[in-house]
Structure formats: structure tokens, C-alpha cells
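Features reported for this protein in TrEMBL:
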- 13-180: domain 'Reelin' (DOMAIN)
- 216-331: domain 'DOMON' (DOMAIN)
- 336-535: domain 'Cytochrome b561' (DOMAIN)
- 1-22: signal peptide (SIGNAL)
- 376-396: transmembrane segment (TRANSMEM)
- 417-436: transmembrane segment (TRANSMEM)
- 448-467: transmembrane segment (TRANSMEM)
- 479-501: transmembrane segment (TRANSMEM)
- 570-590: transmembrane segment (TRANSMEM)
């Protein structure tokens, strides 16, 4: 059976941490069992190096000369194992022919049972001597892992099989060679795209967008079909890097059972992994999958495989007859198959599902509900209520100065109601991300910092208004200036914060639609503001200027504003309708992610 294409990433970082960017000194005892380096890529399939010996028979205590040779290589790891049980511990011990280029390692309880390099200097051949133990098995095979450079290496290159004297050579030949070469899944090529036929009736399906065709270039598709004691799994989506899904007990990454299909140089490798919090997947060295197939065409990556419902022998694999949240993610993979963080928020099912239970055809969301509510409430507050409240206070004070509501001027009551609504919505929305994240987010850049500043200013405004001096008090002008400057600063920061927030993966709004919408709103608000300013200026120009008579000037201004009442009311009506259009468009978009 073959190791996952990504299994490589676990060993070379931990085990060969010095052999060519991992352990250059060759002290790789952690690799004694798997012989797999952790370089973040998959092993090559066709070896360029060969192992030769000076004899094919031995008796206990005999010495056999072993040669490893081929094109230039940097690192190596040699062992001898029972040819009939290649997963068994190393057999016998080695002696060195050149201590400058090779060193002895102890694997398990057998001293000097492996040989590795001392540095990553270029080599063409290595010679060592193997000493047969007294309890040697009947047939012994030499295996070697060779690292040409960091991302080019071969694992368990099969060498000759040597047998004890008077023991017949195995006939037919042992299957050890094929097992030793089995370092990636045996795969086949999928001839045509997957089909959604049977979704909801014969198999459990997840599709995004809902009811999309898995053969299209924009459809993410995951299906599970039970077949007696196993489940056949299909996964596809528009990605030339990798696709992955995970089974989780909650809607957070961490402690999850993951499966990855990764494009490495136009060849797909399938691997299992364990997700630990928000870190790089811990890739498994054991193969728990069967019947692996793949296809990469027209930018759509597809892979399928079969997995048993219960795998008690494989640590970290969840039973498939239990309910889980299901994640579906995609992203980029660099040279050698090293995967990067998913480029967008993973799709997450809305509830717990049992993939071997009643077949269903469901969708999912790429944005958590709390984050959706956070974005929606902030948009209502800072795009709708606060902007209308500012327009009313700035341009409708003289128009509605003679209309009263609950003992106060109408413009003031409308302004205060809208601003208090803004503070209330902002306060509720402010709490939601902390509830969802369980604390401060380290992944959101400047957005949360600016959000805290906006929240502080939003609370400061009504507190300051509570101490507003009377209309003719000497400090009234100072209050007006502080009130205007604080409100304007809050609005500017709120718009900047929303621009930054719309690009965060957690909200996953369609880009660049979200940015254009915000630019459109800002232009809409500024245009309305400028139009009303020009209108007010034109009215003032019509006022007869009476020298040194400020009371009459103010009366003239009031009269001029009153003359434009109809125009301003029309503009305000259009402005409110326009804001509602922006709000509805945003809510529709946020509801679709």
C-alpha cells in the first residue's frame, strides 16, 4: 500500500531536520520505521539509484558488502529487513567503510542497525558492510531512502534479497519489491466528471452552490455512498492546488479527521491528516484508503477513494457511522505539493450529519451566522441609520424647526432616534465576533482594532450629548465642534473598517462586488451631501443682505431654507430609498455565502 502523497511533510521536518534542510547531520532515528522524509512533497516513483551486494547467501556472523550508487545525491538511509515482512524492525548491524560520509544509527533495540549520511555534500556512491545476526530470518532485503535534493527523493528503494545458506531462494520471487516501492497510493484515472445523480436518494451529497452540477467549473461537490462496510467518497471543485474535507465535532478547526487531494506537478496525491487547531495538517504515514482515482481537467480537480466505516487500527480516523460537522476547503499548492492556507473560508455544514445515515442533498455556508449578523448589523448602522441621521441634522434643522415631536423639535427627535439606534446596533454587532471567536482574532488584521475605536466613539457621542450646553451658552460652539468632529471621525473610521472587514475570509463576500458596492455608497452619500450644500448655497445667495443686522440675516436664512423644503424632502426621500437599495443588495449577498 502506498503512503499518502503528503506523508512526506511529517518526517523531514521532524526526522531529517538536518538532512538537506532537515537534519544535514543525518541523525534521523525518528525515521527508523517509515524511512519517509518530511520534505513537504511526495516521493518519486522510479528510482535512479541501485543497491548491490557481493553475495546472495549468508550465515550468522558473515559480512556482506553493500553498495548504494547512482546520480549525485545528498542524503541516504539504509536498512536490512525481513524480506517476507518488510514492516518488521531492522535486521542485523552495519560497519562503515568511510566514516567521513556515513554514520551508524541505532533503530529500535538493535545497535548500528541503520546507516545514514554525515552531511549534505554530493555523493555518487556509498559502501557499507552488513553483519548477519545469529537470529536472522531466512531471507533479508536491503532498502534505501535517497535524497537527491530537498524535494526530490525516493523512499524504500528495494535492493537485493539475500538468503541464509542452505535455504532456497524464494520462488516465486517475494513481493517485497512491490511493497518497498509502494510509497504512494495505487491510483487510476477518472474518465469523466462526477455526477449528482443519486444525491439525496442513494448517496449523501454536499454541493456549493446548492444543486450545482459537479461537472461545471464553479461547483464544489462532496458525496458519500455506503457500500456494505465501507464508504465510497467523491470530491471535486474548481482548484488546481488542492481540495480537502474534514469531519469535525464542532464548527471550529481542531481535532478533526481530514482528507486531502493535492495536485503535485499535474499528478494528484490523496492523503489523510489530522487537524490540530489552526495549524498545518499533521499528515499520516499510514494508508487507510483504497481504490484511489483522480482527474484534473479544465481547472476542475476530482478525486475519489474508498474508506472503511470503522478503522480501529488507525489512530485519528473517525467512524463514519457517527454525526459530524463537515468542512470543505480548497487552496493553492506550491512545487512539491506543499499546501497553503485555504484561499477562502471553508464551506461548513449548518449542522451535524451522519454520512452513512439517510441520504441527503445539502449545501453549507462559507460564513458563520454570527459573522453574517455582525456584518449585517454594522451595515444597517453605519450605512443606513447614521447617514440619514447626519443628513437630517445638517440640512433639515431650519426646515423642521417649527414641527415638534414629544415636546422637542422634529429634526432633533429623528436625529437622536437614528443615532441611538446606531449605537444600539453597533453594540450588539460588536459583541458577536468575540462570541464566535471566543476571544480576540489574530487573523483579522487592523479590522478589530479600528472596530474597537469606532465602538468607543459611538458610545462617547451620546455621553457627550448628555452634557450639551444650552443653545446660547458660551460653550455651545465648543460642544458643537467636538460633537461634529467626533461623529465625523467615527463615520470615516467605520467606512474604512467595513472596507477591511468585507475582504476577510470569515465573511466571504463576492469580490470585487463588495468593494464596488461600498465605493458606490460612499459616492452616493457624498453626492447627496454636495447636492444639498449647493442647494443651500444657492438659496443663501438669494437672500437680501442687510448690513450689521444679524437677526434679520438669520431670519432671511430661515426663510430661504423654508423655500427649499420641498426640494430637500424629495432629495431625502430619494436618498433613503437609495440607502435601502444598498442595504438590500448587501443583505442578499451576505445571505448567499
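Sequential numbering from 1, following the chain as shown.
Even glycines carry a Cβ here, placed using N, Cα and C.
Here the domain 'Cytochrome b561' (336-535) returns a mean pLDDT of 84 for the predicted model. When Cβ-Cβ distances below 8 Å are used as the criterion, the transmembrane segment (448-467) is approached by residues 382, 416, 419-420, 422-423, 426-427, 430, 433, 440-441, 479, 482-483, 486-487, 489-490, 493-494, 496-497, 500-501 of the same chain, each at least six residues removed from its ends. In terms of DSSP secondary structure, the domain 'DOMON' (216-331) contains 0 helix, 69 strand, 47 coil. Long-range contacts of the transmembrane segment (417-436) within its own chain (CB-CB distance under 8 A, at least 6 residues past either end) are made by residues 368, 370-371, 373-374, 377-378, 380-382, 385-386, 388-389, 392, 448, 451, 454-455, 458-459, 461-462.
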